[in-house]
Each structure stands twice: as C-alpha cells, then as structure tokens.
Amino acid sequence: MAELDANLDHIIPSSVLAPFWAKLVVGFVSLVCFARSYDGDFVFDDSEAIVNNKDLRAETPLGDLWHHDFWGSRLSSNTSHKSYRPLTVLTFRINYYLSGGFYPMSFHVVNILLHGGISVLMVDVFSVLFGGLQYSSRGRRLNLAPRSSLLAALLFAAHPVHTECVAGVVGRADLLGALFFLLSFLGYCKAFRETGNKEGTHSTLWVLLSILLGALAMLCKEQGITVLGLNAVFDILVIGKLNVLEVVQKVLHKDKSLENLGALRNGGLLFRITLLASGGAGVLYMRWKIMGTGPPAFTEVDNPASFADSMLVRAINYNYYYSLNAWLLLCPWWLCFDWSMGCIPLIKSAGDWRVIALAALWFCLIGLICQALCSEDSHKRRVLTLGLGFLIIPFLPASNLFFRVGFVVAERVLYLPSAGYCMLLTFGFGALSKHTKKKKLIAAVVLGILFINMLRCMIRSGEWRNEEQLFRSALSVCPLNAKVHYNVGKNLADKGNQTAAIRYYREAVRLNPKYVHAMNNLGNILKERNELQEAEELLSLAVQIQPDFAAAWMNLGIVQNSLKRFEAAEQSYRTAIKHRRKYPDCYYNLGRLYADLNRHVDALNAWRNATVLKPEHSLAWNNMIILLDNTGNLAQAEAVGREALELIPNDHSLMFSLANVLGKSQKYKESEALFLKAIKAHPNAASYHGNLAVLYHRWGHLDLAKKHYEISLQLDPTASGTKENYGLLRRKLEQKQKKD
C-alpha cells in the first residue's frame, strides 16, 4: 500500500494528510460543489413526494408511515409504487415540522449537509479499502493509505452525477441509504478492532450491529441492503485473505490442499458469512411481507427493454444501459432528470452501432476482473476486487437482473457505485504515475478533473434550482424524450404561456403518440381557448388508450358539456367516478351539468358529495348556496353557508355568498359584517362593493350605498347592474333633496 500512496505523493501534498485536515478539505469541497442548490424550489418528483404527501403533515398518524410507500399511498394498493422508505419520509416530516411548513430551503440544506457528511465518511471507508484493516496497540485503526483515500474521497465529493441526489430533495433517500450503508461497513470493520485482527476472533455484537445498520439503510432506500454483500466480499478478501483464483484452480484440479480451508472455518469466516446471509434473507423477507401484493406494475414507456419479446433484445439493451451508466461515471457532462420515453431508443439488431458501447464496457470489465483475479500482487488483487465490488454490488437492484425496474437510466442510483469508480480511478492514477516520468502532467490531469467536476457540479446545481431551468437543460441531452417536452410544456402552462405550452405538448404527443397525460393537458388548454372539437378528439383518444384515466374522462365531460352534448358529458363524468371513486372535482363538474339541465336536486347531491370527499371544496359550497338562494330556499342556503364557513372560516367568496342570503332575509347587520369582512380580505372585488351597496340601499343607508356603488364602478366601470342601481339611488337622493 505504501507504494501506491508514494506514487500519489506529487498530487496530494503532505500538509493535508493529517486525518482532521483531510476530512476538512473533503467536507469543504463537497459543500462548495452543491451550495448553489440551497435556496432552490421543490422540483420534479419533489411535488409528489413532499408537497402532496399527506404523510408529512401532523394530522397523519406516525404509524401510517410504516404502511405507506414513499409517495404516501398504501403499500397494499395495486397502484402503489412499492418504494418502501419510511425513515426517509420521517426525516421529511421532521423537516416540515421544524421549518413550519413547506419551505424548500431547509430541505435542501439538510441534503447538502448529508452529502458533506457522507463524503467525510468516505475518507475512512477508502482508507480501509486501500490500506487494509490494521489497528494500533490502543485499538485505533491505522490509515495506511492517506493519499489514496483523500484523492478518492475528493473525486467522490465532487462527482457531478451526485447532483440529482443532493439538489433534488427526493434524493435524500439515496443520501440516507448511503449514510447507513457506510456506517454498516465501518461497523463491520469494528468487529475486528478489539481482536487486533487475530485469526479466528471477531466481535459478534458488531457484526449484528452492522446487519441492523444495513436494514436501516434499506428502510431509507432499497439498495441499502446490498451493504451486506459488500461486507461479505470484504471479509473474504481482507479478513480471510482468500485468493479467489487459487481456490478456483484448486477446485478445478481437485487439489487436496483445499482441506486448508478448514482454517477459515475455524477462523469464523463461515460463521460471519452465515450471519450476514441469514440477516439479509430475514430483512428481505420482512420487506416482501410488508409490501403486501406483488411487485409494482410499470409501463412500457418506463422501461421499454423489459417489455421486449426477445430475450436477446432485452439482454443487449440491458447491457447498453450498463454502458451508459458507466459513461455517466466516466464523463458526467450530459446529465438529464429523466431518461425514459424514447430518450434511449431500443437496440433491435446487432447491426446497431451502439453495440460498440457494449463491447467496450465488457472489454474493460473483463480486463479489470482478470487483473483482480490473476495479478501476482496481492494488494492489487484486493484493491481491484473491492473497487469492482463497490461499483457493482450496490448497482445490482437497478440492473433488471432480479426484477423489472421503473426506469431506463437513473443518475441517483449511481451515488454509491460511484465510490467504486472513484476507487478504481485513484488506483489507475497511481499505476499510471508509477510507469511514467511525467508526474507533473499526471498531477495536472488529476487536478484538472477535480476542477472541471467541481465546476460542473456548481452549474448542474444551478439547473436544479427551479423546474424551468431543469426541464430546459434536458432538451439538448434527450431531445427524443417525450416527458422532457411534456414537463417544459407544463411549466410554461403553469406560468400562463399557453401558446408555447401547446407547442411542447404537441411535440410530446408526436414523439409518443400514446402519451395520455400530454393529450390530457393539451386538451385542457384547447378547451380553455374554446377549441373544443380538437380538445374532444384528443381526450377521446386518451381514454381510448387508457380506459381507466379518470382525469381525462372528467375533462372530456367538461368539453362535451360545453358542446351541449349533455348525455355524453354525464356518461363521461360517471365513468371518471367509476375509475376514481373519491373524485370531488368530478362530482363538482357533474353538479354544474345538472344545474345547467335544471336538475337541481341532482346538482345539490353531486356538490354535497364533493364537499364530503373534500370539505374545503369552496366552489362546491358556493354553488350550493347560490343555487338554493336563486330557487328561494333562503333558510337552507343560510344553513349551508354557515356550515361551509365553519369548515373554511377565511374564505371570502363564502362570506360574500352567505352575506347575499342574509341580506335577502333582512338580517342586515350580520350581512353587513360579512360583506365588510370579505372586502377586507379581497378589497378590489367590484361585486363585493356593489352588493354591499345594494344591501345599504335596501337598508336605507343611502350615503353608504352611494359610497360603495362609486367604489364598485371605479373597479369595474362596465358593470351594467351596478350602473342601473347607482342611477336609481341618485334619483332617489335627488327626490329626497327636493323634499327637504
């Protein structure tokens, strides 16, 4: 190990080799790289996992976190994503509680600090991986590879592929999973601390604690459980000092010296491996039981290769995905928030030029594996094997080998594997430095890579600060990705730029003719622009492609209602409710349809259903009050209005509607108080002043009526009813003056 560290002497100055200073430098670099994201918004998946997740709110019992998935849905539901990460959700809930609401800065700061802490821990992890496990007479672990561990930790801290995990709040699952993963590994190392690494001795308590920490890692992110596999590899190679190639050769030649492996059995290796295997199997069994039903159901657009009929096509594309992941580690310049929906077209024949990437990947992997197994240098064998282990083992859950995953490529799953890459890269720099005299050139290359990566981290962190920059940054990386165009369009629509949004939605539908969500959103905009025929065609196509798409059925009903096709509209609303039983907005729109058809009882029932499902549904409450008011049921309208205000006490529109009812019931004082309260909440509403003026007019407070008529007309000079009433008031005042 001293040789590799000596080869890096010209890169890492001795002044920063003290453990404290090394960790300080790594922590500082990690914070500098991602500090730009500290004041970013909630972006992309943050909306569903945090803002719309009821599990973060105080009214949701803490116990529900253990029965819900990462997005707040019940694990037993067939629509659940099955991502079980209760500890991560718990930290979100604590964030929400401490910051007093959904203030993204506090969430981002925690992520940045977590990455800094993990990067600092990496110094210790790499020192074990590079230098082995040796302790002083006082039981303190010795760092026999200070330069190698520092360089690898710096490369890890500043790797741009980590931006999604750090700058995206939902990336905390990967950060927490990595934190407990590393703690589990270091805990496993401590099992040999008090024994001085003597053969046959270990602390079973630390082994069990390591398994527990691995289970906690899995409760943060599923791939956390793979630490038990890494611990086993470490035990075999470093503690057991097993030469895998030698064992394989002896097995093949039926060498009698294999009996010497009994020493390993006596040394406790098999006992520890059995503990790790049993613990892992137990944790996975419990995870499967908690999941309730089978694995999540993904669609073809999520992972098209997994739906290919040919096993050969699946295998080729999976391997191509692996090569893309390797490229992101090697050259993290083209980063994208989403790699699905046509971003990476399927390889359907061996003649596709992209097959070269597969060949390059396996050429490099086979070369590394051969060196890891066949090198005469035991230290080289160990470092390469552990580096490959750290690269491959945490990636296995995302590899499609054991089960179908819901993505093509995901930068977030490379957070832990990147540690193995950084280890191999550091070893490569050391080997290169050993065989060249241009050591200053090697040092310049290493420092250049670190500087460029830090710069890329800062640029990419800026892109993750808001959705507009994030989505637009993906257009150049994945121009064939329909979801990228959809998200750019949605962002523009939310900002009111419908013309530009239409262009991106149309492109999303062109790239993916079965993209029902893009059709639904495009149909909505066309509906608002009164382009009803095309809106109906798009929405009809959406529900034809996905018959259980409740939102599209509801929007189709709204369009059909606008086209006066009332029977078809009612059928569409009913179909939407059939597929989503708890759909308050659909009940609200169904009530509007019944009101247009003068089916008042049905309208009131539909709106009542909306308020039962969503007690804060202000529009449904308002429509009930107005309908009862217009049909002369003032007492019932008043009762509904009071019920609504008890549930939504600060809703000025409800105050206004109830004030109108009370005025007609000649409860002038109470009506006046509600009108004034509504005006205080919304002072620029012309109708509020106009109706208050009518109240004063009836009440006989003519001067106050004149004042509010004039304010109303200043706010809305075109209000014909207010003009007419104001004219009547002026004539009445003139007559009064003549009498006086």
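Even glycines carry a Cβ here, placed using N, Cα and C.
TrEMBL entries are annotated by machine, without manual review.
So that you can see what the record holds, here are the features copied from TrEMBL:
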TRANSMEM  20-38  transmembrane segment
TRANSMEM  112-132  transmembrane segment
TRANSMEM  173-191  transmembrane segment
TRANSMEM  203-219  transmembrane segment
TRANSMEM  225-248  transmembrane segment
TRANSMEM  269-288  transmembrane segment
DOMAIN    294-366  domain 'DUF1736'
TRANSMEM  355-374  transmembrane segment
TRANSMEM  386-407  transmembrane segment
TRANSMEM  413-432  transmembrane segment
TRANSMEM  441-459  transmembrane segment
REPEAT    482-515  repeat 'TPR'
REPEAT    516-549  repeat 'TPR'
REPEAT    550-583  repeat 'TPR'
REPEAT    584-617  repeat 'TPR'
REPEAT    686-719  repeat 'TPR'
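Counting residues 6+ beyond its ends, the transmembrane segment (20-38) has Cβ neighbours under 8 Å at 105, 108-109, 111-112, 115-117, 119-120, 122-123, 146, 149-150, 153-154, 157-158, 162-163, 166-167, 450, 453-454, 457-458, 461-462, 464-465 in the same chain. Here the transmembrane segment (355-374) has long-range neighbours at 244-245, 316, 319-320, 322-324, 326-327, 347, 380-381, 384-385, 388, 424, meaning same-chain residues at least 6 beyond its ends whose C-beta is under 8 angstroms from one of its own.
Here the repeat 'TPR' (482-515) has, by DSSP, the following mix of helix, strand and coil residues: 27 helix, 0 strand, 7 coil. Using DSSP to sort the residues of the repeat 'TPR' (584-617) gives these counts of helix, strand and coil: 27 helix, 0 strand, 7 coil. Just going by CB pairs under 8 A, the stretch in 173-191, 203-219, 225-248 that sits most against the transmembrane segment (386-407) is 225-248. Over the repeat 'TPR' (686-719) the predicted model carries a mean pLDDT of 90. Cβ atoms under 8 Å from those of the repeat 'TPR' (516-549) belong to residues 482, 485-486, 489-490, 493, 498, 501-502, 505-506, 508-509, 555-556, 558-560, 562-563, 575, 579 of the same chain, restricted to positions at least 6 beyond its ends. Under 8 Å from some Cβ of the transmembrane segment (203-219) lie the Cβ atoms of residues 84-88, 176-181, 183-185, 187-188, 190-195, 225, 227-228, 231, 272, 275-276, 279-280, 283, 287, all in the same chain and six or more residues away from its ends.
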